[in-house]
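The structure appears right after this line, and notes come after that.
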Amino acid sequence: MKRASAAFLICALALSPLCVCGTRCFITDEPAEPGSCLLNQVWKECGSSCPRDCQNINDVVLICAAVCKRGCFCQPPYIFLSGTAGPCVLPRECP
């Protein structure tokens with residue numbers, strides 16, 4: 001995992017789509033390779049940095065910075081159980 005720079009943290013907290021970070025300013029725990037995704041997931045080169053999960057599934061509006069994230073994402077209609085990684089579940093399976 002890489003350390004985030006102070007500039008990126010300020011950028012992320014402001015949720016500004018105008019913020020652009022260098023190659024070493026973000027934290028990532030992406031899989032080492034596309035073939036490492038879990039069940040009901042697909043690899044994307046440019047997926048949402050704020051995918052739907054059980055905690056935000058009922059939010060009408062999801063405020064999110066327009067930043068690509070490489071990694072595994074849930075195949076529709078599945079969503080992450082929690083956060084932006086881990087198992088994918090159907091919305092009706094959320095706790």
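Cβ atoms are placed via backbone N, Cα and C, with glycine included.
Listed in TrEMBL for this protein:
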SIGNAL    1-22  signal peptide
DOMAIN    37-94  domain 'TIL'
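According to DSSP, the domain 'TIL' (37-94) comprises 3 helix, 20 strand, 35 coil. Across the domain 'TIL' (37-94), the prediction's mean pLDDT works out to 92.
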